[in-house]
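Pulled from Swiss-Prot:
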- LYS23: active site, charge relay system (ACT_SITE)
- THR68: active site, charge relay system (ACT_SITE)
- HIS263: active site, charge relay system (ACT_SITE)
- THR68, ASP69, PHE170, ARG187, VAL234, GLN235, ASN261: urate binding site (BINDING)
- ALA2: N-acetylalanine (MOD_RES)
- LYS10: N6-acetyllysine (MOD_RES)
- LYS10: N6-succinyllysine (MOD_RES)
- LYS23: N6-acetyllysine (MOD_RES)
- LYS23: N6-succinyllysine (MOD_RES)
- LYS27: N6-acetyllysine (MOD_RES)
- LYS36: N6-acetyllysine (MOD_RES)
- SER39: phosphoserine (MOD_RES)
- SER63: phosphoserine (MOD_RES)
- LYS118: N6-acetyllysine (MOD_RES)
- LYS122: N6-acetyllysine (MOD_RES)
- LYS164: N6-acetyllysine (MOD_RES)
- LYS175: N6-acetyllysine (MOD_RES)
- LYS185: N6-acetyllysine (MOD_RES)
- LYS220: N6-acetyllysine (MOD_RES)
- LYS220: N6-succinyllysine (MOD_RES)
- LYS227: N6-acetyllysine (MOD_RES)
- LYS227: N6-succinyllysine (MOD_RES)
- SER231: phosphoserine (MOD_RES)
- LYS277: N6-acetyllysine (MOD_RES)
- TYR288: phosphotyrosine (MOD_RES)
Amino acid sequence: MAHYHDNYGKNDEVEFVRTGYGKDMVKVLHIQRDGKYHSIKEVATSVQLTLRSKKDYLHGDNSDIIPTDTIKNTVHVLAKLRGIRNIETFAMNICEHFLSSFNHVTRAHVYVEEVPWKRFEKNGIKHVHAFIHTPTGTHFCEVEQMRNGPPVIHSGIKDLKVLKTTQSGFEGFLKDQFTTLPEVKDRCFATQVYCKWRYQRRDVDFEAIWGAVRDIVLQKFAGPYDKGEYSPSVQKTLYDIQVLSLSQLPEIEDMEISLPNIHYFNIDMSKMGLINKEEVLLPLDNPYGKITGTVKRKLPSRL
């Protein structure tokens, strides 16, 4: 028999802002076999639930708690029963399950990220069941759904590391008594892209949109293959990515981007009698600059 502890009970001087619990990093490899042709999705899923009652917090009454081990098992079973066509749909399936199965669940939040496996391919021929890990950007999504509400769907790219050796500069910035940074017309530009966007609706080709955003990120960072494109600041490149994404992809409502400025500094070799003309550089992990920005579509004018 459960014993509830009422030593504290409800405190009139504090109130709950938000509560939640769940299971993080539930890993699954789903294999779809169509004869000898196999397709895979490997994902890590994190689930957070909010319950109507707060009696578990107030009194130690666990009677409404769905064990986190059950949450883990549910993720496994839904992968078996529903498959993983794409991670956004899988996340919506998980939200739908908990909200429809348990009346006392008021909110479900699901985060899923996909391991970047790519099918072996040579001379245009794709292997039927072999894959290679290609860390050229991780596909992730977040879906949050309130009871009696629609799912709010975000997708994103993270861990997309890019570098260009020219066509970047930083000039005309504010200077005060603490400024030692020199202006530069030509420098290396390296960053690790974090990009997250919200969809206006759910009847979209999520994987096609993700691929299109990734292509836009690479296009605006690098520019034309034969000559590149000049970047006067990380901020300008970030904004250009957002504007092109929202102009070309009407399914996207808003977009958040974070671009750390990963530094590569010229190594002074003058004491060794050598002139190093930006040929040998020192990568510095930290400290680093960090540039962020979020844009959304403007509401149409009522005039």
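Including glycine, each Cβ sits where the backbone N, Cα and C put it.
Each residue contributes its Cα atom, and for GLN235 (urate binding site) and LYS164 (N6-acetyllysine) those atoms are 16 Å apart. Annotation: ASN261, HIS263 are the recorded positions among ASP69, ARG187, ASN261, HIS263 whose CA atoms are within 10 angstroms of the CA of the residue listed as 'phosphotyrosine'. Of all the recorded positions listed (SER63, THR68, SER231), SER231 sits in the most crowded Cβ setting, with the most other Cβ atoms within 10 Å. Per the record's binding annotation for urate, residues THR68, ASP69, PHE170, ARG187, VAL234, GLN235, ASN261 show a top Cα-Cα distance of 52 Å. Within the set of recorded positions (ARG187, LYS277), the lowest number of other Cβ atoms found within 10 Å of a Cβ is recorded at LYS277.
Here the candidates are the recorded positions THR68, PHE170, ARG187, VAL234. The one whose C-alpha lies nearest to that of LYS220 (N6-acetyllysine) is VAL234. In this structure the alpha carbons, written CA, of LYS36 (N6-acetyllysine) and SER63 (phosphoserine) are 47 Å apart. Around the Cβ of ASP69 (urate binding site), a 10 Å sphere holds 9 further Cβ atoms from the protein chains shown. VAL234 (urate binding site) falls within a helix when secondary structure is assigned with DSSP. Comparing the recorded positions PHE170, TYR288 on other C-beta atoms within 10 angstroms of each C-beta gives the minimum for TYR288.
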